[in-house]
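This report refers to the structure that appears directly beneath it.
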Amino acid sequence: MDTAEEDICRVCRSEGTPEKPLYHPCVCTGSIKFIHQECLVQWLKHSRKEYCELCKHRFAFTPIYSPDMPSRLPIQDIFAGLVTSIGTAIRYWFHYTLVAFAWLGVVPLTACRIYKCLFTGSVSSLLTLPLDMLSTENLLADCLQGCFVVTCTLCAFISLVWLREQIVHGGAPIWLEHAAPPFNAAGHHQNEAPAGGNGAENVAADQPANPPAENAVVGENPDAQDDQAEEEEEDNEEEDDAGVEDAADANNGAQDDMNWNALEWDRAAEELTWERMLGLDGSLVFLEHVFWVVSLNTLFILVFAFCPYHIGHFSLVGLGFEEHVQASHFEGLITTIVGYILLAITLIICHGLATLVKFHRSRRLLGVCYIVVKVSLLVVVEIGVFPLICGWWLDICSLEMFDATLKDRELSFQSAPGTTMFLHWLVGMVYVFYFASFILLLREVLRPGVLWFLRNLNDPDFNPVQEMIHLPIYRHLRRFILSVIVFGSIVLLMLWLPIRIIKSVLPNFLPYNVMLYSDAPVSELSLELLLLQVVLPALLEQGHTRQWLKGLVRAWTVTAGYLLDLHSYLLGDQEENENSANQQVNNNQHARNNNAIPVVGEGLHAAHQAILQQGGPVGFQPYRRPLNFPLRIFLLIVFMCITLLIASLICLTLPVFAGRWLMSFWTGTAKIHELYTAACGLYVCWLTIRAVTVMVAWMPQGRRVIFQKVKEWSLMIMKTLIVAVLLAGVVPLLLGLLFELVIVAPLRVPLDQTPLFYPWQDWALGVLHAKIIAAITLMGPQWWLKTVIEQVYANGIRNIDLHYIVRKLAAPVISVLLLSLCVPYVIASGVVPLLGVTAEMQNLVHRRIYPFLLMVVVLMAILSFQVRQFKRLYEHIKNDKYLVGQRLVNYERKSGKQGSSPPPPQSSQE
């Protein structure tokens, strides 16, 4: 077998020839050591990599130039290449300027001017619209406002397309379909209610689609059968009107909807990329897209803003409510919402009339338009109105906590209505979000089926838009009212009542100090940055808080279960938990046997009816009902309310009290914002609970292990403190002081005044600058500082390497900062006076040397960059004119320099 000893190419498995010699360009050995240059180049083009995928060694090529190439390029060649590069740059600059002008100037400006023209309400504005388009008055403000208008129209367009997809794939409501509902596998109509009523209480929570937003708390069980009966009655009425032609039209319509995204649409989407659509590929096709975007903006402004606004405006004027709407400071928004409400009523009336006269295509079009308006209004109510109500109710119930009155809130609303409403909406959204998060935590602890009246947000079938499409409007209205009652009652229980108790028991504890000014000697900026950079990351980035809360909920549930004999109801039985896997398998098999796959005409309604026809609700576990079960449930609710009240009292008093006591050592008797005291108290409480939980976890391991762990943790804490002093103390202080000397002092302090430096402010700003520099470094290219920071992050606190951090990170950074601070000072204070200059010149040099040296460093960096760019241009010109090929460089093991030979010039690599 002589061929086994011959050198062959790793790709084509051929031997080397004088015309095609073999090379060994990387560290690989054995049968994959050698390769032809042509094979390697072909493989590199295919893989789009410049290194060996096995040994990670970068391949090197040496350029081959023409024999008549001079040692130095002639001036005329360099000048010609420079002119060509400048011409290419100018052409690209003109093109990208045109692109930016079109998308950032023409599109938003036309949108804003058309919007103002339509809402001016005069014919003269419509006639002068072409001249207004060319006007340069308020150009920047109109562009910014136009960007907002364009964003709204694009969001509306995307929402319409997405809503259409929801209707196509999820199925339209039953009342919108033309034909009679198809039969399911059991032989019943799709809209018939199930015969069995067992477990209706638990099934109803999983019954139709999940509630539309996070505020619908109360389930819809009592009216499930009524709703199905109403839908059945509607469908039976529609059956009398629909014929064979209608069924064919419905099937064809559904088929047309499914064929809307055909292959040609996919092919067109593949050809249209973002670069081509925006004009970043160098073509002028984007001008057509600009025209279509402007037309789309005009159409959407006219249809979705102009028409509803004027419908609402004429209606309010006719009813005499115009003055009340104007007094709300949100005339445009309220008028538009009223217009949409009237439009929805008009559409549903026209839909009914079209049904009576059997205009089936018009009937379907009117129904789809009604669904669009209905979903839009429900989204506004769920995401806008409900959090706003919660935010205002929270504010009203907490007025005594801040020593405020309703008159103060009215004055703040009159002075800044938009800001006030946004802040209250934001507070309400936070409240709703944390309430939903707490419900998710409860589901992890309690028995499946306990919270049957609450939505399961983790349900994979959860789709609020489908609920908005399918459920009638009165059910959404009822859910909204019940949710407002439930959320409002919780606010009364956990905020208003604890405040009343605190004021009666601790009269001097309230109100909280929330003034925007402070007479404390410590800078507000320092406290804010300390809060944002130290306290909040520790409280938010740790997963221990959720585990502690989950443990408290589990302990409370176990206690309440044994006290009230509701352990089986709350947590389930152990025997049932052991057999839960078998039950789940049986339930899944039962579900597969009963659930019919919905066809095109059925959609989501059939899926919901399939869920209803199961033997029990999804995820339900049976439980044992003790005697006097309703009374025990009532006592459980009372016990829960008392627990929530006590927990709220502790949360409102303990952190603030601890924070005030600790901050008094720092600020004395001066009053500061309660945000800082509460944050400080929460941080101390968190540290205390964390230490207690760690000690409790160590207790079962014995005294020797505890001493060993205490020793390890003490050593780790000492190392961490040293690193914190260097990296979180010295480095930010030097960085903030350097920023003060280079930027702040020359800009803010005149030459005839002496700048004052505040170490706390400099340190706080330095912390912010250090985090920004670290983030930019980690996002940038690979260099020694990024490598060191990544290594420190990878080690973490438990494996902290003090020697590595001091030697590789702290010492170099501190040395550079000290040199940046000391060298200019030595020059200004030690060298300049020896030159015999005047005192004014010495003061000028002393105050301006830091920004001057910064400018020198920046100019040197720019000059170095330009030199590198000129070298690249020189190589590019030389390669374009004299390069005839490239030769692969062999890897030499014995020579480190050859083994790590640098890659060829970028312009010559292929």
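Glycine is no exception: its Cβ is also placed from the backbone N, Cα and C atoms.
The topological domains that Swiss-Prot gives for VAL27 and TYR370 carry the same name, which places both on one side of the membrane.
Counting C-beta pairs under 8 angstroms (sequence separation of 6 or more), the transmembrane segment (633-653) reaches the transmembrane segment (481-501) with 3 or more such pairs.
Stretch with the largest number of CB pairs closer than 8 A to the transmembrane segment (377-397), among 143-163, 337-357, 481-501, 722-742, 765-785: 481-501. The recorded stretches the transmembrane segment (849-869) and the transmembrane segment (722-742) share 3+ CB pairs below 8 A when only pairs 6 or more apart in sequence are counted, and are therefore in contact. Distant neighbours of the transmembrane segment (337-357): 238, 241, 307-313, 315-316, 363, 366-367, 369-370, 373-374, 376-377, 380; these residues of the same chain sit at least 6 beyond its ends, with a Cβ under 8 Å from one of its Cβ atoms.
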